[in-house]
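Asks: What follows is a single structure, and I will ask about it in a moment.
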Amino acid sequence: MFKFNEDEENLKCSFCGKDQDQVKKLVAGSGVYICNECIELCSEIVEEELAQNTSEAITELPTPKEIMDHLNEYVIGQEKAKKSLAVAVYNHYKRIQQLGPKEDDVELQKSNIALIGPTGSGKTLLAQTLAKTLNVPFAIADATSLTEAGYVGDDVENILLRLIQAADFDIDKAEKGIIYVDEIDKIARKSENTSITRDVSGEGVQQALLKILEGTTASVPPQGGRKHPNQEMIQIDTTNILFILGGAFDGIEDVIKRRLGEKVIGFSSNEADKYDEQALLAQIRPEDLQAYGLIPEFIGRVPIVANLETLDVTALKNILTQPKNALVKQYTKMLELDDVDLEFTEEALSAISEKAIERKTGARGLRSIIEETLIDIMFDVPSNENVTKVVITAQTINEETEPELYDAEGNLINNSKTSA
């Protein structure tokens with residue numbers, strides 16, 4: 001240990017300037033000295049910077065209200081689902097932030113989320129927008145492509161590979177990402193009774209997903225596909241990955257209705273019919289998911305269930321026009337680049353919405369309807385300098401007339417004849 005000569009003049013810390021008799025220790029280097037207090041301070045600074053680097057994406061965690069405000073900019077309606085998601089996601093990342101030395105014995109467990117709603121109700125968009133809000137890696141998987149290990153199809157580890165790829169192979173980032181698994185209802189057991197036949201895309205897949213949902217160190221093939229002996233693997237801890245599971249769960253209303261009917265004493269079971277579809281879904285319970293075909297262990301790992309409502313004409317019209325990246329704004333901008341104004345009448349917006357409801361595609365089908373309507377316009381207009389404005393009417397959407405084309409003076413330059 002370094003010792004100072006007694007006749008040597010009083011030494012000072014080269015960083016804070018304190019004399020050696022003012023501190024407990026003074027460590028000497030090549031012409032410099034540092035005291036124990038400065039060493040402790042430097043150590044704290046390094047630890048803080050390391051902590052910031054490992055949780056860079058969530059250092060400034062938005063509040064549930066801020067998360068919901070951001071969701072409102074891109075997702076129309078579904079207020080209850082957005083509130084449930086905002087609280088669940090906030091609590092999830094708050095839990096990650098507090099990981100480290102425990103001051104007490106309370107351990108915060110992860111709560112994955114299930115989104116139940118019809119096709120086109122906004123399940124995928126909600127999950128995508130959440131990931132953007134929090135600046136974390138995001139991956140989408142389809143449960144119908146998954147099978148048990150040893151059968152043709154994707155292993156569940158391939159879901160993790162997509163997240164790793166979204167994080168540019170930064171494992172630390174991937175371990176704090178979000179994975180959305182769609183069509184989760186399609187891996188429900190075919191009946192509540194176990195069967196001697198193999199259900200390679202049902203209960204077996206639930207068991208495989210269960211491992212990564214609850215938190216495990218998974219071995220992921222870097223090139224995807226099946227695992228092979230002697231293959232180099234990527235190791236990833238799924239403990240802090242948030243899983244959002246989505247599904248339409250067609251027919252689950254009947255399951256809920258049966259449960260409610262059984263509990264109505266002194267009334268006929270038809271009494272449960274007074275509930276409309278949305279009111280029924282609002283009363284969904286874990287036992288309903290089990291009756292539908294999800295195993296109890298799987299349900300236990302997804303404690304938060306948010307119900308999304310079927311979108312009506314008004315909601316679909318709002319989706320077309322109100323969000324920051326609304327479809328009408330996108331196509332208007334597209335034609336604007338060719339110096340052409342695009343206008344949809346109110347009746348046209350209603351017709352688009354009604355057609356999406358007819359097709360049972362919800363918001364997901366809006367883009368294809370607009371694309372079908374505008375394909376000829378987007379083909380012809382760039383080579384027709386006379387056109388400065390295009391008006392889309394309800395008749396255009398219903399394929400009764402062509403879009404109305406106008407020149408710079410406001411003159412109609414096509415006759416809007418009934419389409420052949």
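Quick reminder: no glycine exception, Cβ is built from N, Cα and C everywhere.
Reproduced below are the annotations present in Swiss-Prot:
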BINDING   CYS13, CYS16, CYS35, CYS38  Zn(2+) binding site
BINDING   PRO118, THR119, GLY120, SER121, GLY122, LYS123, THR124, LEU125  ATP binding site
DOMAIN    1-54  domain 'ClpX-type ZB'
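Mind running through what each feature is packed against?
Replies: In three-state terms derived from DSSP, CYS35 (Zn(2+) binding site) belongs to an extended strand segment. Other C-beta atoms found within 10 angstroms of the C-beta of CYS35 (Zn(2+) binding site) number 24, with every protein chain shown included.
Within the same chain, the residues at least 6 positions away from PRO118 (ATP binding site) whose Cβ sits under 8 Å from its Cβ are ALA248, LEU308, THR310, LYS360, GLY362, listed in sequence order.
Over the domain 'ClpX-type ZB' (1-54) the predicted model carries a mean pLDDT of 75.
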Asks: How many other Cβ atoms are found within 10 Å of the Cβ atom of CYS16 (Zn(2+) binding site), counting all protein chains shown?
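Replies: If we count other Cβ atoms within 10 Å of CYS16 (Zn(2+) binding site), we arrive at 13.
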Asks: Of THR119, SER121, THR124, which of the binding-site residues has the most Cβ neighbours inside 10 Å?
Replies: SER121
Asks: For the recorded Zn(2+) site formed by CYS13, CYS16, CYS35, CYS38, which further same-chain residues have Cβ atoms within 8 Å of the site's Cβ center?
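Replies: So the extra residues in range turn out to be SER14, PHE15, GLY17, LYS18, VAL23, LEU26, TYR33, ILE34, ASN36, GLU37, ILE39.
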Asks: Other than PRO118, THR119, GLY120, SER121, GLY122, LYS123, THR124, LEU125, which residues of the same chain sit close to ATP? List them in sequence order, counting a residue when its Cβ is within 8 Å of the Cβ centroid of the site.
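Replies: The surrounding set, listed in chain order, is GLY117, GLY246, LEU308, GLY362, ALA363, ARG364.
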Asks: Return one of helix, strand or coil for GLY122 (ATP binding site), based on DSSP.
Replies: coil
